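Engineer: Dropping the structure in here first, questions after.
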């Protein structure tokens, strides 16, 4: 097998699509803080001088949405007019409806409880908020069990943001993107980094030479382990030649447009559903988190080198319609036995996921930039590996 290249990208918190994601999740968190049972589907558009928040929300909480929007924008770093977008004076428009009663009926009273009125299992009460398929993935390429390309891309973006916020590089602006191409050997092990692309918004005065030096010396070489860099590694720094106009002034942003950045950088499959702005009754989000939790525990238990999990749901139904485990031939036991173990160890009904991962908390804004998985900078319940022994015990007793 020939060596191959694989590329993943990340974007900064100041990227317009990520600004929208963070606003949607900040609103979700504000709702959950006051009413943990809020049903939220919140979308955001950002463009030059304007934010538009819309969607369907059912809650007992009162939240000053305009205030949440402005505080989020200012936290990201758009805090003065010369950046082309300013949380202090941008227009904020809000158009929120209540959740459809047809959807709410299926969520609050699952098909299982409607067909069997004597069903007293509280975890059967909540039906999935929609149909759909969700994937989770884990692989032993990094300590956090993530693919190396997306892991490095996220770390590059966090480093650029850190240098901006601590004023080490005062000429940096909030918008940025990174892309990392990794070369794999014939056994699919990471061999080296072939190409690094960083495009970062700057002020107009800094020279391209200074930008390049800073990105290579203070970002790339600080983030990417030296063993992956060699004399053939290519560094493409602001290759367009100029990146001064950025953020929502340069491009409009919309919630849910960076779903590959949010997950595994294209290394694993994706069901198509976005995460931000959605409460945990939306299986697009909660089941994707659960699938990652399952996959990570399988790999952490030493049961496979890599693992992809697919879950699928029907609207208004509590139990998943399918569970699939695929270890791509790296499993220590048969994938069918792993699937049995997963059904035994993990409760993958929506209410079971919510309880297992404690998802009614205001924890989501921190996930809306730099990825939802493999995070080492925040504490996320779906990143824990506390089910490994349960999996091993089931496998041992059922071989």
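Residue numbers in this text run from 1 along the chain shown.
Just so you know, glycine gets a Cβ as well, placed from its N, Cα and C.
According to Swiss-Prot, the ATP binding site annotation covers 15, 175, 176, 177, 242, 243, 251, 257, 258, 274, 278. Residues annotated as Mg(2+) binding site in Swiss-Prot: 17. The K(+) binding site annotation in Swiss-Prot covers 43. The L-methionine binding site annotation in Swiss-Prot covers 56, 99, 251, 282. The annotation region 'Flexible loop' is assigned in Swiss-Prot to 99-109 on the grounds of sequence analysis.
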Engineer: Please state whether DSSP places the residue listed as 'Mg(2+) binding site' in a helix, a strand or coil.
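Structural biologist: The three-state answer is helix.
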Engineer: How big is the gap, in Å, between the Cα of residue 176 (ATP binding site) and that of residue 99 (L-methionine binding site), rounded to a whole number?
Structural biologist: 35
Engineer: Counting other CB atoms within 10 A of each CB, which of the binding-site residues 15, 242, 258, 278, 282 comes out lowest?
Structural biologist: 242
Engineer: Listed binding-site residues are 43, 56, 99, 282; which of them have CA atoms within 10 A of the CA of residue 251 (ATP binding site)?
Structural biologist: none
Engineer: Report, as a single number, how many Cβ atoms besides its own are within 10 Å of the Cβ of residue 99 (L-methionine binding site).
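Structural biologist: The answer is 20.
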Engineer: Using only the residues recorded as binding ATP (15, 175, 176, 177, 242, 243, 251, 257, 258, 274, 278), report the maximum Cα-Cα distance in Å, whole number please.
Structural biologist: 36
Engineer: Determine the mean pLDDT over the region 'Flexible loop' (99-109), rounding to the nearest whole number.
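Structural biologist: Looking only at the region 'Flexible loop' (99-109), pLDDT averages out to 66.
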Engineer: Non-local Cβ contacts of residue 17 (Mg(2+) binding site) (under 8 Å, 6 or more apart, same chain)?
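Structural biologist: Non-local contacts for residue 17 (Mg(2+) binding site): 11, 253, 254, 255, 257, 258.
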Engineer: Nearest to residue 282 (L-methionine binding site) in three-dimensional space, by Cα, is which of the binding-site residues 15, 43, 242?
Structural biologist: 43
Engineer: Checking the contact step here: among the binding-site residues 15, 43, 242, which have a Cα within 10 Å of the Cα of residue 56 (L-methionine binding site)?
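Structural biologist: Within 10 Å Cα-Cα: 43.
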Engineer: Which binding-site residues are spatial neighbours of residue 43 (K(+) binding site) here, meaning Cα within 10 Å, out of 99, 242, 278?
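Structural biologist: Near residue 43 (K(+) binding site), where near means Cα within 10 Å, the binding-site residues are 278.
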Engineer: Could you tell me the C-alpha distance between residue 15 (ATP binding site) and residue 99 (L-methionine binding site) in angstrom, no decimals?
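Structural biologist: Taking the Cα atoms only, residue 15 (ATP binding site) lies 29 Å from residue 99 (L-methionine binding site).
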Engineer: Drop a 10 Å sphere on every Cβ of the binding-site residues 43, 56 and tell me which sphere holds the fewest other Cβ atoms.
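Structural biologist: Counting other Cβ atoms within 10 Å of each of the binding-site residues 43, 56 gives the minimum at 56.
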Engineer: Given the binding-site residues 176, 251, which one has the fewest other C-beta atoms within 10 angstroms of its C-beta?
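Structural biologist: If we count Cβ atoms within 10 Å for the binding-site residues 176, 251, the smallest count is at 251.
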